[in-house]
Amino acid sequence: MTDLPDPWPAPRADHPVDAIVTLPGSKSLTNRALLLAAIADGPSVVRRALRSRDTSLMAAALTALGSPVDASGDDWTVTPGAFDRDAAVDCGLAGTVMRFVPPVAGLARGTVSFDGDPHMRKRPIGEILGALRSLGVDVPGDALPFTVRGTGSVRGGTVVVDASASSQFISALLLAGARYDEGVDVRHDGKPVPSLPHIDMTVAMLREHGVDVDDSEANRWSVAPGPIKPVDHLIEPDLSNAAPFLALAAVSGGTVTVRDWPRRTTQAGDALRDILTAMGCEVGFVDGPDGSGLRVTGSGTLLGIDADLHDVGELTPAVAALCALADGPSHLRGIGHIRGHETDRLAALATELGALGADVTEHEDGLSLVPAPLHGGVFRTYADHRMAHAGVIVGAAVDGVLVENVATTSKTFPDFAGFWSGLIE
Ligand SMILES: O=C(O)C1=C[C@@H](OP(=O)(O)O)[C@@H](O)[C@H](O)C1
Ligand SMILES: C=C(OP(=O)(O)O)C(=O)O
């Protein structure tokens, strides 16, 4: 990757973009596959793993604990080992590392310290640390930095958490639960849990590994203690990271096909099919000589939407950018929890879209936007990869948009800016 100017002039798509793209693998699938492989009963391969900052941090964390991840090729191999040492884990800005690794660090015979980027110290983690304490893990504190003092085993059992701030609190406990002496029985008590598809993804992957999970009751998940079968995973393309590319079809009146879009998936990004249809795009699966995938064609006009994004909050930045370019008003609801993402995304979107002329109102749990003429300017990203996606979408439609720190996209997408420019220029 070449050095990028900062701020980066976002390429303007002054023609309908016609492209077929192969996207890197899913962050959420890759990091679950790596973690489960590291605590499984034998070696596994993670094929087409996403190579990005979040997944490299996960690989480094598991390697430091004692299960080496060989990431030298496209297919990563994971060899479970004894967690018999002290380790230091850098969480960067990866929620999946900060939330998923401490419950397995409790199984270590050693002291495991955790820290991360400056903003990571503000992202919510206290509920998990409290839950781990009540399951028998010695982990004082309620924010980064913290230290897990592992004893080689975790009692486990029943625990109540308020997961209204993040579904990752539930996923984290379930992923490690089969390795706890009594398994884990997690109940949620609080406002509705966001991002439920991500919990379904966790449950589905545990079952692939032969783990017995009961999710038959709302707000309760039970993992039985037992073996974790090694599994070779083939990682699907990251459907949430498809958002800016499909949005490019929508804003340029072109056609973009994302190859290998799964017909059935637990990825939250699959909701883009309905969202883009509601915004006036033509959306459908295609099978052709160039492979199969999802094709989106922009109609030249973008309709505003009223959408509850509670289940798919990570799509908000890209969707909000589209709403800022739409011909009618939009209301995005149910997403108060994304204030705890890589940045306070509601505040950041209101500020940055507003700075480019958008008429945005920030609510406690959402955003409303009404049509207004947009203009160029600097779009700040707050080290948030998906803010950069929002910036480039607007920049494709509006002259003179400069995206600050576009390199932050490396969290989940290698050389995003180069890939994006290649489609437009
Ligand atoms: O488990 C996961 O892989 C994720 C869960 C969601 O987190 P929240 O529940 O905190 O929104 C999602 O937004 C994040 O990008 C990835
Ligand atoms: C919320 C996100 O990430 P994380 O896994 O760091 O929570 C995201 O990618 O939109």
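Glycine residues also receive a Cβ, built from the backbone N, Cα and C atoms like all the rest.
Database features (TrEMBL):
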- 14-417: domain 'Enolpyruvate transferase' (DOMAIN)
- Lys27, Gly95, Arg123, Gln168, Arg345, Arg386, Lys411: phosphoenolpyruvate binding site (BINDING)
- Lys27, Ser28, Arg32, Ser166, Ser167, Gln168, Ser195, Glu314, His341: 3-phosphoshikimate binding site (BINDING)
- Glu314: active site, proton acceptor (ACT_SITE)
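Arg386 (phosphoenolpyruvate binding site) sits 8 Å from the residue listed as 'active site, proton acceptor', counting Cα to Cα. Look at His341 (3-phosphoshikimate binding site): DSSP puts it in coil. With respect to ligand 1, the binding-site residues Arg123, Ser167, Arg345, Arg386 contribute Ser167 as residues with a C-beta closer than 6 angstroms to one of its atoms, given in sequence order. The subset of binding-site residues (Ser167, Ser195, His341) lying with their Cα within 10 Å of the Cα of Arg123 (phosphoenolpyruvate binding site) consists of His341, given in sequence order.
Sequence-distant neighbours of Gln168 (phosphoenolpyruvate binding site) (same chain, 6+ apart, CB under 8 A from its CB) are Gly95, Thr96, Arg99, Phe100, Ser195, His198.
The record assigns Lys27, Gly95, Arg123, Gln168, Arg345, Arg386, Lys411 to the phosphoenolpyruvate site; their largest pairwise CA distance measures 19 Å. Set side by side, the binding-site residues Lys27, His341, Arg386, Lys411 differ in how many other CB atoms lie within 10 angstroms of their CB, and the most is found at Arg386.
With a cut-off of 6 Å between Cβ and the nearest atom of ligand 2, the binding-site residues Arg32, Arg123, Ser167, Ser195, Lys411 reduce to an empty set. The shortest Cα-Cα distance between Ser167 (3-phosphoshikimate binding site) and any of the recorded positions Lys27, Glu314, Arg345 is the one to Glu314. Within 10 Å of the C-beta of Arg32 (3-phosphoshikimate binding site) there are 27 other C-beta atoms, taking all protein chains into account. Taking a C-beta cut-off of under 8 Å and a sequence gap of six or more, Arg345 (phosphoenolpyruvate binding site) has these contacts in its own chain: Thr316, Pro317, Ile335, Ile338, Arg339, Asp384, Arg386, Met387.
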